[in-house]
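Participant: Below is the structure I would like to discuss, written out as structure tokens.
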Amino acid sequence: MEFDVKDLSLAEEGLKRIEWAEMDMPVLRQIRERFSKEKPLKGKKISACLHVTTETANLMRTLKEGGAEVYLTASNPLSTQDDVAAALVKYFEIPVFAIRGEDRETYYKHLRAVIEKEPDVVIDDGADLISTLHKEYPGLAEKVLGGMEETTTGVIRLRAMAEQGVLKFPIIAVNDAYTKHMFDNRYGTGQSTIDGILRATNRLLAGSYFVVAGYGWCGKGVAQRARGMGAIVIVTEVDPIKALEARMDGFLVMPMEEAAKLGDFFVTVTGNIHVIRREHFEVMKDGAIVANSGHFNVEIDIPALEEMAVEKREIRKEVTEYKLKDGRRIYLLAEGRLVNLAAAEGHPASVMDMSFSNQALSAEYIVKHHKELEKKVYRVPREIDEAVARLKLNALGIKIDELTEEQKKYLSSWEMGT
């Protein structure tokens, strides 16, 4: 079996952590049990580009139990958990191509390795795999039945490809499932981002000014958790509706040029480029801490910070100190990459349980229905979204009401008024 991981001797520790995560992923476990009996993915190859974490490991196990031949590479050079990668290879015989801290050349070499397996279905996190597949392997792209995308950033890229008419196969935007973005993006990103910042810095949040750039679902989660820790939260936005929502939610709202003067902590969660840039670094206070929890390391203008610095050193693990000409110091966390995965362990398993259940069921849906789908981006089918929610409620021991026949009739009628 071909693979490329750091050290297979780490596998035993990785296995323990995979099993620990599985305990908090009851929905995916139920799907895996069904997949092992029905084999809905039998004979299909699935290449996945995802963060190599304990939760991802349980998704890979589920797909393999469903009969698929599975290959995994990392969607971020700093998010790979080397013990998990080793465990997948050693104990589950799943080929993994991922090493924490790999350089850009190795990252793309690993991407190409899973593409060259000629997959029938692809799973992506940020659209690097799918875009590389289209640019470098157009012939292989023609043979793909369909794919799934996990993130807001990736969905934006893939919708652009569809609009330009270059997308060669249908995509299911798993990110757009209610049981994904309302929970993973908000509660998962919120908790894990704060976790990453605290692990990296060991700083007190209470009483500090905490700037959140972007008030989408991820930004909402980060802002809520920072406030819960006692921080004074400032939100920056370009969307007037989201800015108004942030204000109504009780947060300070202002442009980044004003927030930059106040902030002790900064977190970008926009999916856009250079949200924090030179003019903002120029007015930040000494000791400002800057982090990213969007997808790529482009939200913070790191080249500008490098140019401004007269000295640079790693002062703590995942903390780089940039000393400016006037003596001020700015601290960049995790090289501007995903702080929740680089400095912590990513989202809790309980929330990834829903996201990855959507992935597994969407893979099954593509295999069954690919002939009916066009080359565009689709939402997760409502029946899958609701099935995941019901399974999660059952796992939590929660029951809900059902509409009566009278209520169903009322909702489908127009004649009854005041």
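Glycine residues also receive a Cβ, built from the backbone N, Cα and C atoms like all the rest.
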Participant: Do you know which of Glu22, Glu102, Glu149, Glu150 Swiss-Prot groups with Thr53, Asp125, Lys180, Asp184 in the substrate site?
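Facilitator: It is Glu150, as the record lists it for that site.
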Participant: Of Thr53, Glu150, Lys180, Asp184, which binding-site residues come within 10 Å of Gly214 (NAD(+) binding site), going by C-alpha to C-alpha distance?
Facilitator: none
Participant: Sort the binding-site residues Thr53, Asp125, Lys180, Asp184 by C-alpha distance from Thr153 (NAD(+) binding site) and give me just the closest.
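Facilitator: Going through Thr53, Asp125, Lys180, Asp184 one by one, the Cα closest to that of Thr153 (NAD(+) binding site) is Asp125.
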Participant: List nothing but the one residue from Thr153, Ser293 whose Cβ has the fewest other Cβ atoms within 10 Å; the candidates are the binding-site residues.
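Facilitator: Counting other Cβ atoms within 10 Å of each of the binding-site residues Thr153, Ser293, the minimum falls on Thr153.
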Participant: Near the Cβ of Lys180 (substrate binding site), how many other Cβ atoms are there if near means within 10 Å?
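Facilitator: Lys180 (substrate binding site) is surrounded by 27 other Cβ atoms within 10 Å.
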Participant: Same-chain residues six or more away whose CB lies under 8 A from the CB of Thr53 (substrate binding site)?
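Facilitator: For Thr53 (substrate binding site), the qualifying residues are Ala21, Ser79, Gln81, Val84, Leu341, Glu345, Gly346, Met352.
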Participant: If you draw a 10 Å sphere on the Cβ of Gly216 (NAD(+) binding site), how many other Cβ atoms land inside?
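Facilitator: So the Cβ neighbour count for Gly216 (NAD(+) binding site) comes to 19.
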Participant: Among the binding-site residues Asp125, Glu150, Lys180, Asp184, whose Cα is within 10 A of the Cα of Glu237 (NAD(+) binding site)?
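Facilitator: Among Asp125, Glu150, Lys180, Asp184, not one has a Cα sitting within 10 Å of that of Glu237 (NAD(+) binding site).
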